[in-house]
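**Student:** Pasting a structure below so you can have a look.
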Amino acid sequence: MMFPAVAAPPRRLPGERLQRSQNPVETSWLSFRILATRGPCVTSTFLFLTVAFLGLSWVSVAVAAHAEHPEDSATNFLFSFAENSLANREPPEDSAARPSSRSGGAERRRLDSLIPGFLKRRRIFKQLRPVDEFQLREFQEASSKVKAQFFSAGHSKVTFVDRPSAALLSFLHLEEEDVPYGVVIKAIPYDAFDFYESVAEPYIHRMFDDPRKFPYVVPVLAALRSTSKRVLYLVLPLYRELPETVDEEARSLDFVLLLAEMAMAVCQLHERNLAHRDLKEDNFLVSPEGHIVVSDLATLDITDNKSFLIGTSGYMPPETRSSYLLRKGYKRSRYGEKTDVYSLGVAFRHLAFMLEGLGVQVPHRTQLAKLIKKMTSPDPEKRPLIGEVMEDPFFASVDFRLVRQRAGKHPFKKLPGADLLAERQRARLEAREKADAAAKAADNAEVPAAKSPAGKTGGAGTLSGDRDRAGSGEKPAERAEEEKGRGRGAQTHEGNHDRTDDAGREELREGPGDQKPSGEENREGGQPPGQREEQREGTGLEEGFNKEDAQES
């Protein structure tokens, strides 16, 4: 029986069936079919984004994980900062009295940022000494003030500790006489995508770790990392706040010297091509000796570098907030020395108003008003540099050479016990220098110091020859075979020793600015101690950065 031919019904596409279907299960299935059949690119893109997100999440968690730290973490942390010390670059002696009025960035170093690259930041982070907040109540209180979430972190907070506990002093390896006025714990939170950028402030503080070279920067006692939270801690000595101290000692302070020390603090930063970018009277502190120090170095950066909106409202110059994009932080602005000069001029004006509000006459008020007007000029080209500010007639009675060395008077009164504290600090610095010198001597003692051929030095030459053969990959059997022939072995040994000695001398003489030794040679390249110290202090942050960049590449 033959069936009549019937035309096949037209095939419906998944999209048409989806439009007519009302069943949610069928709708979902048809949607998946459409995605699988008609959208292979969409499917692959979706899978790629999913895998990328999971991989990025894994990397961020691994980066933020706190690894265990070796016992000598505090020592390694100090050495890691000593390698790259941009701040250790001393200014020329002829500029000790008044700095030159060079243009901003005229002596710029070839750096994109003040802090190092990712690999070195990670190494510094791992070398931070870990601290458990639950064992020390001061850190527990400090950590409770900040919030560190996975995707975002809040602002840093400070905690004042007038009387540190015995457990805290023991943990910091301090005595009560070392911090007679108390300490400040600054908690710095960070998120999982921080990539170790939170080490910037501890890194910068360690650059200014020697108070004898940088007396106008607040010292740091310890830099720590939490074992249970995404928080870093800076432990600083408790100093007096500038506005409160001016309020208390308004009738006895030396106002001109106060402004001169504030200018000198900024000058020491600008001499090293650094800009603070958030100068205000609240970021200046008064030391126990009655002198000024600058604090809050988290905003420090290379001069003339571009950055998004940073600073305090009312202290920022017009060029950093002249447009909507700048004010909202959508566009970067250039921050340089004249940016700090504007902020410093606003701080001068606030302090002068504060003094007049307390019924105290401002000395040389007319000259100060002219100076502040120039410092706060809306046009950066008309704004003076910090060297020109210090040369203003308002500071005609100030010897900035003494101000730089802090050899003269102090604008505020000394606190009781300030002289004893200064003596203890000097003793601690000398002890640390001796320990560093002993460690360096121990390291140099491991380097072969042979200066003559093996036939004249005996045992020393033999040790050097063995090291040469070991470094060249020679096996013990080959050494035994070589020693069978005395004459030929002695000649080979002597030749190897001479080549090694020459290579060692060339390696010790490497580096810019090295000179040939004069006089008696020593273990550190045959240079007198004074010359070695100059070369060590002259090693800037640029050299360390170049090494780090080479490692990263």
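Just so it is clear, glycine is given a Cβ too, placed from its N, Cα and C backbone atoms.
When I checked Swiss-Prot for this same protein, it listed these features:
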ACT_SITE  Asp278  active site, proton acceptor
BINDING   Lys186  ATP binding site
COMPBIAS  438-451  compositional bias 'Low complexity'
COMPBIAS  465-486  compositional bias 'Basic and acidic residues'
COMPBIAS  494-524  compositional bias 'Basic and acidic residues'
COMPBIAS  531-553  compositional bias 'Basic and acidic residues'
DOMAIN    125-395  domain 'Protein kinase'
REGION    1-20  region 'Disordered'
REGION    88-107  region 'Disordered'
REGION    432-553  region 'Disordered'
SIGNAL    1-64  signal peptide
**Student:** Under a three-state reading of DSSP, tell me whether Lys186 (ATP binding site) is helix, strand or coil.
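**Tutor:** Lys186 (ATP binding site) sits in a strand per DSSP.
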**Student:** Is it possible to get the count of other C-beta atoms within 10 angstroms of the C-beta of Lys186 (ATP binding site)?
**Tutor:** 22
**Student:** If one measures from the C-alpha of the residue listed as 'ATP binding site' to the C-alpha of Asp278 (active site, proton acceptor), what distance in angstrom results, rounded to a whole number?
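**Tutor:** So the alpha carbons of the residue listed as 'ATP binding site' and Asp278 (active site, proton acceptor) sit roughly 17 Å from each other.
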**Student:** Taking the Cβ of the residue listed as 'active site, proton acceptor' as reference, which residues of that chain separated by at least 6 in sequence fall under 8 Å from it?
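**Tutor:** Listed in sequence order, they are Asp296, Thr299, Ile310, Gly311, Thr312, Tyr315, Ser343.
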